[in-house]
Amino acid sequence: ENLFLSGLTPMEKKLAEYKCNTNEAIHLKLVRFPEDLEDENTTFNPEYSHQVFGDDEVAFGYKGLKILLYYIAGNLSTLFRIEYTSKVNEKFDCVEADDVESKIREIIPPGFCTNTDDFVSLLEKEVNFKPFGMLLHTYSIHNEEAGEDITYQIYKADMTCPGFREYHERLQTFLMWFIETASFIDVDDERWNYFLVFEKYNKDGATLFATVGYMTVYNYYVYPDKTRPRVSQMLILPPFQGEGHGAQLLETVHRYYMSSPTVLDITAEDPSENYVKLRDFVLVKLCQDLLCFSPVKLMQGFSQEMVTEAQQKLKINKQHTRRVYEILRLRATNMGDAEQSRSYRLDVKRRLIGPYKKKQRELAKMRRCLRPEEMANQLNQIDLNLQREQLEESFQQLVSDYRRVLERLAQA
């Protein structure tokens, strides 16, 4: 910091003091009780704010900037306030402070509170809030802190549920802060399905519901009479992350579609690394008892039978079934046995090399047009060595990911 400041004019130094990191400035909160408002422990910050504040994730013009976005835990009624210790003014060499308020207003729906008293009086009405749609699944997780089991429920909702459209508008603003490439969806398209997770909690003897997270799924039409649901966005809110809700949600969604004869299989749009790990775990858990994945059959290699059974019974597509096979085969393989381990390695690498080979063919074609033959051969040789290293690296990475899935499975 100081090194950076040392080369600046006094004016530039002064201006540099008025830059705030927006990931730190934004204070998010899910409020159940009035005392949560004052409790620092209930505050969390965004992982991303570049979609709202630009790639630098900086707001200029304020010292001690705080952007408060507080939500009532269940229906997500919002308190939005901006606080700061000082702000640049015109005297300051004609520089203007960023209009932080209008940037936030672009992503949060109108109808928010701007003062705490209004917000607290809304909090008293929260007892009337009930989850939207149809209950699909109830589960409980033991909470160490509370020393008791907490109950969670997953619902499937749609835009015909009274109040859901407005609630969804408030809910989706969280995507901006926690999904790197988030975008808001067209809610008037009826092919969207919404799956919501809620926690049940007690307040003054009444049972209330708090929002935990959600998933949106788009139903693609497949000729002539099937659909292929595609998971679009999934978010478990930070206070609930790491407790297993993502796995519960994904498994519940799979089970919901499994019961539908018109669904072909389930896919995902541009999945994050974390989502892939989650999906591996859930799909392996669903598949491990299928007959086609018995240890004997795993050792015979990937088969059409696996593809068919996983698709028909569990709505899992071919690509994902292949990963499930590799994970379950790893579990059935004694990696200490040279023959077994070699056979496993070759099997996985054969799949990994597919895209390389295709690229290789394309490069070879290009080079035939561009360069003398012997040069091309040398280059191919260099490529092959590099390729072997990359392949080995990909393989090792994959195996360590797979082992983590198997560890989690052993604990489930």
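Don't overthink the numbers, they just go from 1 along the chain as shown.
Placed from the backbone N, Cα and C atoms, the Cβ positions cover glycine too.
TrEMBL does not curate its annotations; it predicts them automatically.
Counting only residues at least six positions away in the same chain, the Cβ atoms of Y218, R230, V231, S232 sit under 8 Å from the Cβ of E269 (active site, proton donor/acceptor). Among the features that TrEMBL reports, active site, proton donor/acceptor is placed at E269.
Under the heading domain 'Histone acetyl transferase HAT1 N-terminal', TrEMBL lists 18-180.
The feature domain 'Histone acetyltransferase type B catalytic subunit C-terminal' is assigned by TrEMBL to 279-330.
The number of other CB atoms found within 10 A of the CB of W192 (site 'Interaction with histone H4 N-terminus'), across every protein chain shown, is 17. The site 'Interaction with histone H4 N-terminus' feature in TrEMBL is assigned to W192.
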- Secondary structure of the domain 'Histone acetyltransferase type B catalytic subunit C-terminal' (279-330) by DSSP, residue by residue, totals 41 helix, 1 strand, 10 coil
- Do you know the mean pLDDT across the domain 'Histone acetyltransferase type B catalytic subunit C-terminal' (279-330)? 96
